[in-house]
Each structure stands twice: as C-alpha cells, then as structure tokens.
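Comments concern the structure below.
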Amino acid sequence: MSSPAEFYNSLPPISKAYGTACLLTTTAFQLGLLNIFYIALLHEYVFKYFQVWRLFTNFFFLGKFSINFGIRLLMIARYGVQLEKGPFERRTADFLWMMIFGALSLLVLSAIPIFHTPFLGVSLVFMLLYVWSREFPNAQINIYGLVTLKAFYLPWAMLALDVIFGSPLIPDLLGIIAGHLYYFLTVLHPLATGKVFLKTPMWVNKLVARYRIGAPSRPSSQSAAPSDRPTGVAFRGRSYRLNG
C-alpha cells in the first residue's frame, strides 16, 4: 500500500491543487489565521470597493472541519481525480477550462438574488460530481452501505441527502445547473447540430504549457467528428463498477 505522500504525489495537477487549496483554507480558518469574511463573495465589496479577489477566493472554502467538509474533499479526490485521470487524461488544459467555465457560470448564477451564496466551493465540487456522473452513468455507487444506484442519479441522491441532513439546497443545485450547462454545450448541442461552440481557449493551453502543469488539449479540427474533438471526448458513457 502506498504512503499518504506517494498517494498525494500521484494525484493529477488540477484536482490536487484545488483540493489542497480548499484544505489549507479551512485549516487556516480553524486555526484563527483567516477571517472568511475577507474571502466571501459579497458583490457590494467587489463592485463598490473593487475587492476583485473575492471572485476567486470564495471557491476555496468548503466549510469548517466537519463530516460535510470531509465528504466534499473526498468528492474532489475521487470524482475530480477520476475525471482528470480518465476521460481528461493528457488533456489538462481541457480539464482546467471545464473548472474555469464552471466557476464563471456559478458567478453569473450567484448574481441572481435567489441563488446568491457567499461561497461557491461546494457548488464547484458538485459540478465535478455532475460531470463525472455523465461520463460514468452506469457505474454502481453504494451510498453509506444502504442504497446502490447508478452514477447517473448520484448528484440528485446527494442533493436529497443534503436536504434530509439540513444542509443548504442552493449550493448543490447551482453545481448541477453549471454541470449540465457544460454538458449541454460540449455534448448535447454538438451532437444535435454538429457544431462546437465551447472550446478550450488558446490562453488556457498556453498557461498549461508555460507552467508545465500538465498536457495541453489536442488541436481541434473542423472536420473531426464531435466525439474526437477536445470538448466532446470526455463523454463516452463508459461503464465502470466502483467499490463503495
């Protein structure tokens, strides 16, 4: 069995970086080193006082140390890592762009008063879960040893459990909306029209290449089939059986 250090070093770059940032943020909060008020998404402070860092920092707080925090962190370590190592293998730029697109979508949605929440980290994690459930729809998932269901239904099952246990509904729902928007633009719409509108921008590829944090996306071709394009290849619906 590999050591924790070996396991950590084996993680793909984007999931590892995001999970680490979330863990460090909560640790700093618990130790009294960080006042989360200064990283929360408060639109008044963003636009009136130009505290633009709030648009980024709010994604790194998943809550205080608790069972819910542990579950969210494990979701990154499992579903984010499986996406990055599986359908997004050697396509780090595409995975990073998916995360960026999800964050931008969540920022837009959070501007709607009914959807506003000061921290969108849980929503971004739920987006990862939703995308994973569409990539591995037939995987058998066991929830707390009580219920076994297909991964396709996992986001809705997790949302229902959060409601039962008294967690807020909005963050989970926002993640599902953002995840489906990405899925629609990269899979459903291209399959229906043959046109791909949501492609990984060149600056993301250059960023990945410059800092050598992974593999840039493969060059796209106008004549390529939708399933061969960088934005559509992630959703082939392969079936895997996962333990617990």
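Glycine is no exception: its Cβ is also placed from the backbone N, Cα and C atoms.
For reference, TrEMBL has these:
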| type | residues | note |
| --- | --- | --- |
| TRANSMEM | 17-43 | transmembrane segment |
| TRANSMEM | 55-76 | transmembrane segment |
| TRANSMEM | 96-129 | transmembrane segment |
| TRANSMEM | 141-161 | transmembrane segment |
| TRANSMEM | 173-192 | transmembrane segment |
| REGION | 216-244 | region 'Disordered' |
| COMPBIAS | 216-227 | compositional bias 'Low complexity' |
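Where the transmembrane segment (173-192) meets the stretches 55-76, 96-129, 141-161, the count of C-beta pairs under 8 angstroms peaks at 96-129.
In this chain, the transmembrane segment (96-129) touches the transmembrane segment (17-43); three or more CB pairs sit within less than 8 A of each other, excluding pairs fewer than 6 residues apart.
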